[in-house]
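Here is what Swiss-Prot says about this protein:
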- D73, N75, D77, T79, E84: Ca(2+) 1 binding site (BINDING)
- D109, D111, D113, R115, E120: Ca(2+) 2 binding site (BINDING)
- D159, D161, D163, Q165, E170: Ca(2+) 3 binding site (BINDING)
- 24-59: domain 'EF-hand 1' (DOMAIN)
- 60-95: domain 'EF-hand 2' (DOMAIN)
- 96-131: domain 'EF-hand 3' (DOMAIN)
- 146-181: domain 'EF-hand 4' (DOMAIN)
Amino acid sequence: MGKNNSKLAPEELEDLVQNTEFSEQELKQWYKGFLKDCPSGILNLEEFQQLYIKFFPYGDASKFAQHAFRTFDKNGDGTIDFREFICALSVTSRGSFEQKLNWAFEMYDLDGDGRITRLEMLEIIEAIYKMVGTVIMMRMNQDGLTPQQRVDKIFKKMDQDKDDQITLEEFKEAAKSDPSIVLLLQCDMQK
(Lines of atoms letter the chains of each structure in order from A and count residues from 1; the text may use other names and numbers.)
(Lines give C-alpha, C1' and ligand atoms only; values in the text may rest on other atoms or scores of the structure.)
Protein backbone atom coordinates (compact mmCIF):
# COMPACT_ATOMS: atom_id res chain seq x y z
CA MET A 1 0.00 0.00 0.00
CA GLY A 2 1.84 3.09 -1.20
CA LYS A 3 5.20 1.69 -0.07
CA ASN A 4 8.06 4.09 -0.76
CA ASN A 5 5.71 6.63 -2.35
CA SER A 6 5.84 10.14 -0.95
CA LYS A 7 2.10 10.59 -1.55
CA LEU A 8 -0.91 8.41 -1.00
CA ALA A 9 -2.57 7.30 -4.22
CA PRO A 10 -5.89 9.16 -4.73
CA GLU A 11 -7.94 5.97 -4.35
CA GLU A 12 -6.10 5.07 -1.12
CA LEU A 13 -6.66 8.56 0.23
CA GLU A 14 -10.37 8.44 -0.62
CA ASP A 15 -10.70 5.01 0.99
CA LEU A 16 -9.06 6.25 4.20
CA VAL A 17 -11.23 9.40 4.30
CA GLN A 18 -14.28 7.09 4.11
CA ASN A 19 -12.99 4.57 6.67
CA THR A 20 -11.33 6.75 9.33
CA GLU A 21 -12.22 9.82 11.34
CA PHE A 22 -9.43 11.86 9.70
CA SER A 23 -9.76 14.53 7.02
CA GLU A 24 -7.86 14.36 3.74
CA GLN A 25 -5.40 16.99 4.98
CA GLU A 26 -4.81 15.16 8.27
CA LEU A 27 -4.24 11.88 6.44
CA LYS A 28 -1.65 13.52 4.18
CA GLN A 29 0.16 14.90 7.25
CA TRP A 30 0.06 11.56 9.06
CA TYR A 31 1.34 9.78 5.95
CA LYS A 32 4.22 12.22 5.60
CA GLY A 33 5.18 11.66 9.26
CA PHE A 34 4.75 7.89 8.94
CA LEU A 35 7.14 7.78 5.97
CA LYS A 36 9.62 10.00 7.81
CA ASP A 37 9.68 7.56 10.74
CA CYS A 38 9.30 4.45 8.52
CA PRO A 39 10.88 5.09 5.12
CA SER A 40 10.09 1.51 4.07
CA GLY A 41 6.38 2.22 4.52
CA ILE A 42 5.99 -0.51 7.15
CA LEU A 43 6.71 -0.92 10.85
CA ASN A 44 7.97 -4.16 12.30
CA LEU A 45 7.57 -5.14 15.96
CA GLU A 46 11.00 -3.88 17.00
CA GLU A 47 10.43 -0.44 15.42
CA PHE A 48 6.97 -0.27 16.99
CA GLN A 49 8.43 -1.09 20.41
CA GLN A 50 11.00 1.68 19.98
CA LEU A 51 8.17 4.18 19.43
CA TYR A 52 6.51 3.07 22.68
CA ILE A 53 9.81 3.30 24.54
CA LYS A 54 10.08 6.97 23.50
CA PHE A 55 6.60 7.69 24.90
CA PHE A 56 7.13 5.70 28.12
CA PRO A 57 10.80 6.23 29.04
CA TYR A 58 10.36 5.46 32.76
CA GLY A 59 9.12 1.91 32.39
CA ASP A 60 9.41 -1.14 30.17
CA ALA A 61 6.96 -0.65 27.30
CA SER A 62 8.13 -3.63 25.24
CA LYS A 63 5.46 -6.12 26.38
CA PHE A 64 2.55 -3.69 26.07
CA ALA A 65 3.85 -2.59 22.66
CA GLN A 66 3.85 -6.24 21.60
CA HIS A 67 0.13 -6.50 22.44
CA ALA A 68 -0.68 -3.18 20.78
CA PHE A 69 1.27 -4.29 17.70
CA ARG A 70 -0.77 -7.50 17.48
CA THR A 71 -3.97 -5.45 17.65
CA PHE A 72 -2.77 -2.94 15.02
CA ASP A 73 -1.56 -5.71 12.66
CA LYS A 74 -4.98 -6.59 11.24
CA ASN A 75 -3.76 -8.94 8.51
CA GLY A 76 -1.33 -10.74 10.83
CA ASP A 77 1.67 -10.43 8.51
CA GLY A 78 4.05 -9.25 11.26
CA THR A 79 4.17 -5.66 10.02
CA ILE A 80 2.03 -2.55 10.27
CA ASP A 81 1.49 -0.57 7.10
CA PHE A 82 0.08 2.95 6.98
CA ARG A 83 -3.50 1.77 6.53
CA GLU A 84 -3.34 -0.47 9.62
CA PHE A 85 -1.62 2.29 11.59
CA ILE A 86 -4.04 5.08 10.69
CA CYS A 87 -7.16 2.92 11.10
CA ALA A 88 -6.09 1.89 14.61
CA LEU A 89 -5.14 5.47 15.46
CA SER A 90 -8.52 6.66 14.20
CA VAL A 91 -10.36 4.23 16.47
CA THR A 92 -8.22 4.86 19.55
CA SER A 93 -8.11 8.64 19.24
CA ARG A 94 -11.42 9.57 17.58
CA GLY A 95 -13.54 6.47 17.47
CA SER A 96 -16.89 6.08 19.17
CA PHE A 97 -17.06 4.56 22.65
CA GLU A 98 -18.31 1.35 21.01
CA GLN A 99 -15.36 1.23 18.58
CA LYS A 100 -12.90 1.83 21.41
CA LEU A 101 -14.47 -0.97 23.45
CA ASN A 102 -14.18 -3.37 20.48
CA TRP A 103 -10.54 -2.40 20.01
CA ALA A 104 -9.74 -2.77 23.73
CA PHE A 105 -11.47 -6.16 23.81
CA GLU A 106 -9.38 -7.28 20.85
CA MET A 107 -6.21 -6.25 22.66
CA TYR A 108 -7.14 -8.07 25.87
CA ASP A 109 -8.29 -11.21 24.00
CA LEU A 110 -4.76 -12.49 23.40
CA ASP A 111 -5.66 -15.69 21.58
CA GLY A 112 -8.52 -14.18 19.57
CA ASP A 113 -11.10 -16.73 20.72
CA GLY A 114 -13.73 -14.13 21.61
CA ARG A 115 -13.23 -14.46 25.37
CA ILE A 116 -10.88 -12.80 27.84
CA THR A 117 -9.55 -15.10 30.54
CA ARG A 118 -8.08 -14.00 33.86
CA LEU A 119 -4.60 -14.88 32.57
CA GLU A 120 -5.06 -12.78 29.42
CA MET A 121 -6.33 -9.84 31.47
CA LEU A 122 -3.45 -10.23 33.93
CA GLU A 123 -0.88 -10.24 31.13
CA ILE A 124 -2.16 -6.92 29.75
CA ILE A 125 -2.56 -5.28 33.17
CA GLU A 126 0.98 -6.34 34.15
CA ALA A 127 2.27 -4.94 30.84
CA ILE A 128 0.56 -1.61 31.60
CA TYR A 129 2.10 -1.49 35.08
CA LYS A 130 5.57 -2.20 33.63
CA MET A 131 5.11 0.30 30.81
CA VAL A 132 4.32 3.31 32.96
CA GLY A 133 7.02 2.56 35.54
CA THR A 134 6.91 2.22 39.30
CA VAL A 135 6.93 5.88 40.33
CA ILE A 136 4.22 6.94 37.89
CA MET A 137 2.15 3.83 38.65
CA MET A 138 2.24 4.63 42.37
CA ARG A 139 0.88 8.11 41.62
CA MET A 140 -1.79 6.86 39.20
CA ASN A 141 -2.74 3.78 41.15
CA GLN A 142 -4.32 5.57 44.08
CA ASP A 143 -6.27 2.49 45.12
CA GLY A 144 -2.98 0.61 45.59
CA LEU A 145 -4.12 -2.47 43.69
CA THR A 146 -1.65 -5.05 42.46
CA PRO A 147 -2.19 -6.31 38.90
CA GLN A 148 -3.86 -9.47 40.25
CA GLN A 149 -6.16 -7.46 42.54
CA ARG A 150 -7.09 -5.20 39.63
CA VAL A 151 -7.95 -8.23 37.49
CA ASP A 152 -10.07 -9.65 40.32
CA LYS A 153 -11.93 -6.35 40.64
CA ILE A 154 -12.54 -6.15 36.88
CA PHE A 155 -13.77 -9.74 36.72
CA LYS A 156 -16.08 -9.17 39.67
CA LYS A 157 -17.73 -6.34 37.73
CA MET A 158 -17.62 -7.81 34.21
CA ASP A 159 -17.97 -11.57 34.42
CA GLN A 160 -21.76 -11.69 34.70
CA ASP A 161 -22.15 -15.46 34.38
CA LYS A 162 -19.16 -16.16 36.67
CA ASP A 163 -17.48 -18.56 34.22
CA ASP A 164 -14.03 -16.97 34.65
CA GLN A 165 -14.03 -15.47 31.17
CA ILE A 166 -15.40 -12.26 29.72
CA THR A 167 -17.24 -12.22 26.40
CA LEU A 168 -17.44 -9.15 24.17
CA GLU A 169 -21.06 -8.67 25.26
CA GLU A 170 -20.16 -8.81 28.97
CA PHE A 171 -17.25 -6.46 28.32
CA LYS A 172 -19.43 -3.89 26.55
CA GLU A 173 -22.37 -4.13 28.96
CA ALA A 174 -20.18 -3.69 32.02
CA ALA A 175 -18.23 -0.79 30.50
CA LYS A 176 -21.44 0.99 29.47
CA SER A 177 -23.18 0.48 32.81
CA ASP A 178 -20.13 1.39 34.93
CA PRO A 179 -17.64 3.77 33.26
CA SER A 180 -15.23 3.30 36.18
CA ILE A 181 -14.46 -0.12 34.70
CA VAL A 182 -12.88 1.58 31.70
CA LEU A 183 -10.56 3.39 34.12
CA LEU A 184 -9.67 0.06 35.74
CA LEU A 185 -8.82 -1.36 32.31
CA GLN A 186 -6.58 1.64 31.66
CA CYS A 187 -5.20 1.49 35.20
CA ASP A 188 -6.61 4.98 35.79
CA MET A 189 -4.23 6.53 33.26
CA GLN A 190 -6.72 9.27 32.44
CA LYS A 191 -6.62 10.83 35.93
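Placement of Cβ uses the backbone N, Cα and C atoms for every residue, glycine included.
Feature map: Swiss-Prot annotations on the structure.
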| residue | record | Cβ neighbours (10 Å) |
| --- | --- | --- |
| D73 | Ca(2+) 1 binding site | 20 |
| D77 | Ca(2+) 1 binding site | 10 |
| E84 | Ca(2+) 1 binding site | 20 |
| D111 | Ca(2+) 2 binding site | 10 |
| E120 | Ca(2+) 2 binding site | 20 |
| D159 | Ca(2+) 3 binding site | 18 |
| D161 | Ca(2+) 3 binding site | 9 |
| D163 | Ca(2+) 3 binding site | 10 |
| Q165 | Ca(2+) 3 binding site | 19 |
| E170 | Ca(2+) 3 binding site | 20 |
Counting distance between Cα atoms, which of the binding-site residues D73, D161, D163, Q165, E170 is nearest E120 (Ca(2+) 2 binding site)?
Q165
Measuring Cα to Cα, how many angstrom lie between D77 (Ca(2+) 1 binding site) and D111 (Ca(2+) 2 binding site)?
16
Please indicate, using numbers and ranges, the residues of the same chain that are 6 or more beyond the domain 'EF-hand 2' (60-95) and have a C-beta under 8 Å from a C-beta there.
1-3, 8, 12, 16, 19-22, 27, 30-31, 34-35, 41-45, 48-49, 51-53, 102-103, 106-107, 110, 123-124, 126-128, 130-131, 133
Residues with Cβ closer than 8 Å to the Cβ of D109 (Ca(2+) 2 binding site), same chain and 6+ apart in sequence?
R115, I116, E120
Reduced DSSP assignment, T79 (Ca(2+) 1 binding site)
strand
Intrachain residues whose Cβ lies under 8 Å of the domain 'EF-hand 4' (146-181), provided they are six or more past its termini:
97-98, 101-102, 104-105, 108, 114-118, 121-122, 125-126, 129, 187
Could you tell me how many residues in the domain 'EF-hand 4' (146-181) are helical, how many are strand and how many are coil under DSSP?
24 helix, 3 strand, 9 coil
